[in-house]
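Copied from Swiss-Prot, the annotated features are:
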DOMAIN    164-332  domain 'Helicase ATP-binding'
BINDING   Asp177, Glu178, Val179, Gly180, Leu181, Gly182, Lys183, Thr184  ATP binding site
MOTIF     278-281  motif 'DEAH box'
DOMAIN    473-627  domain 'Helicase C-terminal'
Amino acid sequence: MAQQYQPGQRWISDSEAELGLGTVLAQDGRLLTVLYPATGETRQYALRNAPLTRVRFSPGDVITHFENWKMTVREVDDVDGLLVYHGLNAQNEVVTLPETQLSNFIQFRLATDRLFAGQIDQLSWFSLRYNTLEHTSRQLQSSLWGLGGVRAQPIAHQLHIAREVADRIAPRVLLADEVGLGKTIEAGLVIHRQLLSGRANRVLILVPENLQHQWLVEMRRRFNLQVALFDAERFMESDAGNPFEDTQLALVALEWLVEDEKAQDALFAAGWDLMVVDEAHHLVWHEEKASREYSLVEQLAEVIAGVLLLTATPEQLGQDSHFARLRLLDPNRFHDLKAFRAESENYRPVAQAVQELLDKGKLSAAAQKTIHGFLGAEGDTLLAAVNAGDDEAKARLIRELLDRHGTGRVLFRNTRAAVQGFPERKLHQYPLPCPVEYLELPVGEHADLYPEVSFQSQSDASEEERWWRFDPRVEWLIDTLKMLKRVKVLVICAHAETAMDLEDALRVRSGIPATVFHEGMNILERDRAAAYFADEEFGAQVLICSEIGSEGRNFQFSHHLVLFDLPSHPDLLEQRIGRLDRIGQKHVIELHVPFLETSPQARLFQWYHEALNAFLNTCPTGNALQHQFGPRLLPLLESGDDDEWQSLIDEARSERERLESELHTGRDRLLELNSGGAGEGEALVEDILEQDDQFSLPIYMETLFDAFGIDSEDHSENALILKPSEKMLDASFPLGDDEGVTITYDRNQALSREDMQFITWEHPMVQGGMDLVLSGSMGNTAVALIKNKALKPGTVLLELIYVSEVVAPRSLQLGRYLPPAALRCLLDANGNDLSSRVSFNTLNDQLESVPRASANKFIQAQRDQLTPRINAGEEKITPKHAERVAEAQRRLAADTEEELARLTALQAVNPTVRDSELVALRTQREQGLAMLEKAALRLEAIRVLVAG
């Protein structure tokens with residue numbers, strides 16, 4: 001018979017017991033809506049198979065009113081589908097308690113119910129449950145939570161920024177690192193950590209259309225975040241009232257959004273906690289007028305609490321454009337462009353003084369005067385100590401200046417010069433004769449930059465007359481690959497057609513193992529191609545990528561890059577080289593550039609090399625120079641006087657050198673120090689590498705796979721293949737693929753093999769598997785024989801596992817202070833707790849299984865003796881629980897007081913500290929302390945041990 005649901009009834013979730021007591025809100029057609037007031041969560045279930053259990057107390061049970069008074073139940077009435085409890089309160093007065101007024105924090109002793117009902121589990125499941133609780137508690141307390149699980153090398157400045165930003169309430173910051181320093185990874189880390197911690201639940205990512213796929217790949221591959229990509233087609237096809245409400249992470253192209261008012265309305269109505277905007281420097285703003293894109297982002301920033309803007313460096317932007325980004329973050333603070341310019345000028349001497357201190361280790365009289373003017377009398381003591389050679393005082397002085405830096409809290413900008421660790425680049429140029437077939441082609445937009453595409457589109461050529469049979473770059477490529485033998489080589493060209501033709505050419509003309517990578521392939525096909533290229537033993541020597549196809553991929557295990565043609569913009573050139581030129585690259589980048597002589601290709605090569613110096617170094621001025629000289633450049637590529645061409649090269653080179661000199665002079669070392677973390681990031685890197693070396697995760701996962709019937713077999717070194725077995729316990733186990741999946745626990749292996757799942761404590765498979773253990777009841781009862789000569793045969797020991805926890809909204813971050821913890825109690829026949837003398841693992845080694853029928857028979861015979869002993873266990877464990885709660889309250893109060901004091905002092909000297917931050921922190925403290933008061937003990941598991 002189907003369940004009858006009534007608004008106001010109390011139910012508990014079978015799969016999410018941690019949500020607390022639920023209240024039925026509504027039954028609408030086939031859907032049931034349940035509110036969980038303790039956590040503020042709402043769930044909708046299909047009516048026919050809702051995973052819910054009706055909460056119905058019996059006479060003798062002690063229940064709690066939401067105002068915290070208790071009553072012992074004597075009678076239960078059913079009034080129109082709602083239960084009404086009658087009984088006595090602590091003063092022995094007759095009271096009535098409708099189920100609608102039950103406390104939301106009531107805990108259920110399901111382990112006791114199962115034990116006495118004969119539902120006794122295997123010893124291995126009991127151990128798995130205990131170990132899962134232990135690991136969960138440890139991870140929630142870890143400072144690495146949300147930082148260590150990304151598929152990337154841990155890099156100090158990225159980790160520092162991620163922790164600093166993600167740990168703020170509703171962060172509003174500008175990420176403006178130089179190219180190649182990983183702004184996307186920084187943003188992904190912030191999103192990931194905010195989602196895991198509960199500080200954010202819904203995230204909107206706005207990007208240029210051409211970067212949508214790159215973001216999709218990065219979020220999925222690196223962070224295991226399932227992002228929904230929205231465009232006009234998906235939006236129109238959705239059956240939902242508001243398509244954006246159905247997703248936690250939305251990836252939206254700004255070009256489409258700005259043209260679709262209906263989509264804008266839906267986006268605003270959906271509600272978001274965090275907005276990330278990539279390429280924010282393309283949002284055009286002037287004091288007189290802003291672009292439609294800028295205005296739309298501005299309106300969103302007014303209603304979304306957290307905002308991350310990813311942008312070019314301030315020096316590249318220019319001061320006015322930089323101000324335009326800052327006013328999106330805090331329009332009250334950054335409201336006047338003239339005032340901002342004046343303020344920026346005031347900070348420049350301070351940054352120069354810090355530069356002097358860092359470079360020379362001491363301060364000139366002029367620098368000391370500057371710092372005195374900035375810090376006032378309170379800085380004089382520090383200055384005196386610095387002059388006396390006190391290194392600690394020097395570090396503190398820099399910290400004080402950092403805190404007062406005008407945009408230090410909202411702007412993070414790392415430079416290659418400050419970060420270091422980048423490889424050298426070496427250029428190999430190969431001028432080749434231009435074939436006659438190309439000389440006869442009609443002139444068109446970029447036709448002579450990519451003559452093979454133009455030739456093939458004009459020709460009905462047979463297989464024998466394909467462009468790759470006469471183009472000298474193909475012959476050169478084959479010779480180069482043969483010379484490099486088995487060295488991995490990445491080839492990038494502008495068009496997918498060229499990439500596919502080159503693969504054909506290599507197969508037909510040389511037999512060199514190659515694979516291709518272009519935008520026409522789906523993600524699975526790209527993964528297979530990337531894996532084939534990465535395989536050292538049997539893989540392809542060469543991977544041929546189109547321009548768009550390679551976005552978001554990291555091939556830094558290779559260090560030879562062939563630029564088969566050149567892109568029309570320096571940013572695209574930098575993007576190509578950036579596939580290999582990244583932090584962590586251990587080899588010199590060998591750049592191979594073939595080009596056709598006396599063609600536009602030759603001139604474009606000369607432009608990039610001689611004018612922009614874009615091959616041997618990153619080119620932060622490239623965009624500005626292209627904008628300035630582009631109108632003259634394009635006509636001269638096709639044709640033009642040699643003297644006029646050389647004049648353009650010389651002029652652009654001089655302008656580049658001038659701009660680079662300005663950039664170097666304007667370097668803000670104070671900001672670089674703040675962005676780099678001054679050593680904090682390095683400590684995080686060490687901790688992550690240390691965690692990577694531990695074996696606790698593989699050992700735990702092997703027991704988890706065994707318990708759920710997942711077969712694992714060796715794939716290769718450091719890799720396993722997982723497949724569901726015929727005895728798979730739960731089809732909802734998050735394996736990721738019904739057919740099977742290849743995993744690795746090794747970070748380096750995962751970086752080179754993107755077709756493998758990188759398993760960490762944060763991975764959805766691990767988290768999902770642990771949730772299945774703890775949300776189910778398997779393993780919360782066990783009976784065993786204990787073989788110990790010190791125990792008299794027939795002696796009964798009782799092992800009780802309690803969970804000390806607080807049920808609260810995740811956004812309060814109480815897991816950092818009072819994570820769910822297993823509190824263990826081992827009672828002998830006299831009621832003594834032996835747990836401090838006998839560890840869980842020591843005890844486990846002495847146990848043998850008991851057949852379920854025999855175990856059940858024993859439990860029923862001992863029920864009257866076991867019940868009071870189980871009740872006595874809570875008295876033993878309550879002091880430990882109370883101690884944990886008191887310590888959690890102390891730490892929460894101390895941490896928030898310290899942060900409030902720091903921010904309050906900082907606000908007096910740095911206006912970028914918002915009042916809303918302080919208010920939110922105080923509110924969070926009060927709510928957190930109140931929730932900790934309601935922390936409860938829950939009997940999680942019982943094991944009965946009989947000496948034999």
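Placed from the backbone N, Cα and C atoms, the Cβ positions cover glycine too.
What you are looking at is a predicted structure, and each value in this text was computed from that prediction instead of being measured.
Only residues 6 or more beyond the boundaries of the motif 'DEAH box' (278-281), in the same chain, are considered here, and those with a CB under 8 A from a CB of the stretch are 174, 184, 187, 205-208, 211, 215, 297, 309-312, 316-317, 321, 325, 328. Each of the binding-site residues Val179, Leu181 was scored by how many other Cβ atoms lie within 10 Å of its Cβ, and the smallest score goes to Val179. According to DSSP, Thr184 (ATP binding site) sits within a helical segment.
This prediction places the mean pLDDT of the domain 'Helicase ATP-binding' (164-332) at 89.
Excluding Asp177, Glu178, Val179, Gly180, Leu181, Gly182, Lys183, Thr184, which define the ATP site, the same chain contributes Glu186, Asn414 within 8 Å (Cβ to the Cβ centroid), listed in sequence order. The residues of the motif 'DEAH box' (278-281), classed with DSSP into helix (H, G, I), strand (E, B) and coil, number 2 helix, 0 strand, 2 coil. Close to Gly180 (ATP binding site) in the fold, though at least 6 residues off in sequence, lie Arg416, Phe422, Glu574, Gly578, Asp581, Arg582, Ile583, Thr618, each with a CB less than 8 Å from its CB.
Of all the Cβ atoms in the protein chains shown, 25 others lie within 10 Å of the Cβ of Asp177 (ATP binding site).
For Gly182 (ATP binding site), applying a Cβ distance below 8 Å and a minimum sequence separation of six or more within one chain yields Ala152, Ile155, Gln158, Arg582, Ile583.
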